[in-house]
Amino acid sequence: MTRPRLRHSQPSNATIFAALIVFRAINACLVTTYFSPDEYWQALEVAHRIALGTGYLTWEWHVALRSVLHPALFAGLYKTLVLLGLDDGALFIYAPRLLQSFFAAVADFYTYRFANRLFDSPTTASWTLFLSVTSWWNFFCSTRTLANSLEAALTIVALYYWPFTLTPYSTKTARKTTWQGNQKLSLAIAFLTCIFRPTAAIMWIFLGVSLLLRHIRNGDANSVFATLASVVFIGGGAVLGSAALDSTLLYGEWVLTPVNFLRVNVLEGISLFYGSSPWHWYLSQGIPILFGAHLPAVLLGTYHTFSSGPGTPNAALKRQVLYLSLWMLAVYSCLQHKEWRFLYPILYPLLPFGGDTLSRIFISAPNWRRSKLALMVVFGLVVVNAVMAWYTTMVHQRGVIDVMAWIRDESRTGRIRSVGFIMPCHSTPWISSLHLRDSKSPDIWFVTCEPPLG
């Protein structure tokens, strides 16, 4: 009599999401280093100004270059903490990052779900979640209050709900099926990302044009008009809503911040004031830094997708995701001002290809020796990413964070009344890190670096 084989059930989606929320909250509390000035000067400073009336506004806000949509999230949080009397401790400093940690958990969770749909494999989805959780870049950047971090999180959610077309791999039918998404929800999220990061439109132009061309090839005029109508109404509503929010909370007049963003940074080239890089920079530095030790697995999964035949599950869809990533890489490479974080939105959609590689490695390991080698690969990925995450989140550029905490503590006792920073501008956090409920913050100043506008 044979013993029945026990089947190991996967955790429920609710359990996975709850665990991710806890993990990213711990992640947020462990980040004690400085990365990009925008984390503070384009988010928390503006939020502090909106909610409490104090906070430094950089030149971008004086020329209405950015929408307050992103800082408004943290402004509401600040206001709530003040009303509850919880604004005079560590919670006030960590609260914005804890809020962002929720969106980071959402990104992990939807990357897992996106992989499951893309490869139609719970095993590949689980390995993709492993890659997302162990990614040094995600640990380093996903919980920071950067617009890029929120953009990347919202992008993978929008992609999950995008109405892709799936070509069945069964030879018994030639009928195409549609990815069960939600086009209106996806468009709404996409337009939100474009409001506070206008360059996000690069991705959605590609997907929108592909969708319209598909409807045109199918002779589906109703879908063409319905899609265009959704773009006009949802996009128009997002722009008008953002303009109303901007005028109410900060600018005092109606402005179109995405238009100003493109005019100043692209047409007038002011972004070059902050540096330029050669066309190959994202290939030689951006992608290797972003993916780190996960890059070989992602490249192998990409190669396997392109080399697989038309009978492979969702082959056309996988290629479309890869073409989308190549499109973004090509367009961003044409822009002279480059930063690692600009490519963040393509990290989550590409991780499933690395998850597919790991899945195939373990499937092809029938004996103990091969399984041992596969486990060594996984162990190596964990160790390398853990070391990089530890160094970048707890060691590198930590001093500028610690000095602000020291100034805050000393100001509470009245021992510091004035502080000057003679160093590269925006090298430290600012007013949002010195908030004191019962004590007066010191007078602080720094050397500015406004670009040559006009």
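Note: Cβ is positioned from N, Cα and C throughout, glycine not excepted.
Since this is a predicted model, take the numbers as computed values, not measurements.
Taken from TrEMBL, the feature transmembrane segment covers 12-35 (among others). Long-range Cβ contacts of the transmembrane segment (12-35) within its own chain (Cβ-Cβ under 8 Å, at least 6 residues beyond either end) map to 94, 97-98, 100-102, 104-105, 108-109, 112-113, 129, 133, 139-144, 146, 392-398, 400-402, 427-429.
According to TrEMBL, the transmembrane segment annotation covers 121-139 (among others).
Marked as transmembrane segment by TrEMBL: 146-165 (among others). Among residues of the same chain six or more beyond the transmembrane segment (146-165), those with a C-beta under 8 A of the stretch's C-beta atoms are 35-36, 38-39, 42-43, 70, 100, 103-104, 106-107, 110-111, 113-114, 117, 176-179, 181-183, 185-187, 189-190, 192-193, 196-197, 200, 203, 207, 211, 214, 316-317, 320-321, 341-342, 344-345, 347-349.
According to TrEMBL, the feature transmembrane segment maps to 185-213 (among others). Using a Cβ-Cβ cut-off under 8 Å and counting only residues 6 or more beyond its ends in the same chain, the transmembrane segment (185-213) has close neighbours at 66-67, 69-70, 147-148, 150-151, 154-155, 157-159, 161-163, 224, 227-228, 230-231, 234-235, 238-239, 242, 257-258, 261-262, 320, 323-324, 327-328, 331-332, 342, 345.
Sequence annotations record features per position, and here TrEMBL assigns transmembrane segment to 225-245 (among others). Counting residues 6+ beyond its ends, the transmembrane segment (225-245) has Cβ neighbours under 8 Å at 67-69, 72, 183-184, 187-188, 191-192, 194-195, 208, 211-212, 215, 254-258 in the same chain.
Feature annotation from TrEMBL assigns transmembrane segment to 279-300 (among others).
The transmembrane segment annotation in TrEMBL covers 373-391 (among others). Among residues of the same chain six or more beyond the transmembrane segment (373-391), those with a C-beta under 8 A of the stretch's C-beta atoms are 130-131, 134-136, 139-140, 292-294, 297, 358, 361-362, 365.
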Item to complete: Using a Cβ-Cβ cut-off of under 8 Å, list the residues of the same chain that are 6+ residues beyond the ends of the transmembrane segment (121-139) and lie near it.
Response: 10, 16, 20, 23, 27, 104, 107-108, 111-115, 289-294, 297, 344, 347-348, 351-352, 354-356, 358-359, 363, 378, 381-382, 384-386, 388-389, 392-393
